[in-house]
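**Student:** Provided herewith is a single structure, encoded as structure tokens, for subsequent inquiry.
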């Protein structure tokens with residue numbers, strides 16, 4: 001048995017999402033790229049490659065990882081490329097997308113004949129949290145002025161639009177896309193490809209897949225463009241758990257269970273977005289606050305109920321631990337970093353990466 005803590009990726013659950021993605025590809029004509037900023041655990045890329053067209057990135061290292069480990073199309077994007085990295089980025093990508101016109105003007109000559117794009121910020125989004133809203137005031141994410149974009153349109157092959165965030169509502173997606181068309185239609189007609197980014201929760205049960213595919217197909221036909229999608233969370237939703245063990249039990253107005261993991265170090269977005277972790281099979285008469293083991297007072301996974309009183313050594317599965325977890329894990333407090341394990345279709349589990357004190361030491365100097 002693998003020692004806790006560890007991330008457990010269920011390949012059967014991952015396959016369910018990938019089959020939805022493949023259905024969207026086939027029915028809409030869109031190409032689908034994995035957003036490495038969300039999930040970059042390359043030990044399952046052999047499965048994902050069969051259902052996706054490539055990767056999209058936010059940095060030089062992600063570009064290289066996508067090119068070397070995933071294959072297919074490799075799209076390079078960054079909020080700001082640096083002089084010392086641009087040539088290496090170009091060497092590992094198939095398309096390069098610039099965040100601003102100034103970046104485009106500075107570096108487009110380095111890209112040679114490779115397709116070039118620009119991030120288009122339509123100024124509207126569905127983000128409910130200001131921290132993640134690309135349309136927030138004074139946003140640095142992309143260009144909004146149609147006239148400025150048209151000034152370089154003859155040098156552009158495509159644009160990337162990323163203004164959805166955990167959007168589970170097709171009608172909201174449709175409305176946002178319509179706003180983009182109304183303001184930027186002249187630009188769209190002069191491109192060969194358009195990426196609609198990520199944040200579209202089309203693998204969520206009950207999502208209007210039929211309407212979604214038809215909308216993508218119609219958009220592609222209207223503007224004669226290849227549509228790209230860049231799912232991250234939608235790819236790995238409900239595929240991964242963080243397996244932890246209870247290491248202490250206490251009471252301070254409520255029952256407290258301290259586990260051998262941490263939100264700050266292992267599921268950081270719970271803190272950033274003030275969310276509560278879903279606890280698997282958490283129902284019963286015995287309520288506990290599930291606490292992380294760092295010194296941070298607010299290192300709390302959430303509340304859960306259990307059929308029996310918890311004991312030291314009991315294992316707990318914390319759900320939805322695939323997106324923005326392994327790519328953000330850190331060594332805060334020197335807490336043991338979770339291993340990464342894979343559950344195969346036959347139910348067998350194998351560890352693919354384990355971390356040690358040597359990894360902690362080598363991450364510092």
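Cβ atoms here come from the backbone N, Cα and C positions, even for glycine.
So Swiss-Prot says this about it:
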type	residues	note
BINDING	233, 269	substrate binding site
MOD_RES	37	N6-(pyridoxal phosphate)lysine
**Student:** Do you know which of the binding-site residues 233, 269 has the most other C-beta atoms within 10 angstroms of its C-beta?
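**Tutor:** Comparing the binding-site residues 233, 269, the most crowded Cβ belongs to 233.
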**Student:** Please report the number of other Cβ atoms within 10 Å of the Cβ of the residue listed as 'N6-(pyridoxal phosphate)lysine'.
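**Tutor:** The answer is 19.
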**Student:** Measuring Cα to Cα, how many Å separate residue 269 (substrate binding site) from residue 37 (N6-(pyridoxal phosphate)lysine)?
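**Tutor:** Computed Cα spacing between residue 269 (substrate binding site) and residue 37 (N6-(pyridoxal phosphate)lysine) is 13 Å.
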**Student:** Roughly how many Å lie between the Cα atoms of residue 233 (substrate binding site) and residue 37 (N6-(pyridoxal phosphate)lysine), rounded to a whole value?
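**Tutor:** Distance between the two Cα atoms comes out at 10 Å.
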**Student:** Using DSSP with the three-state reduction, classify the residue listed as 'N6-(pyridoxal phosphate)lysine' as helix, strand or coil.
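**Tutor:** Its secondary structure by DSSP: coil.
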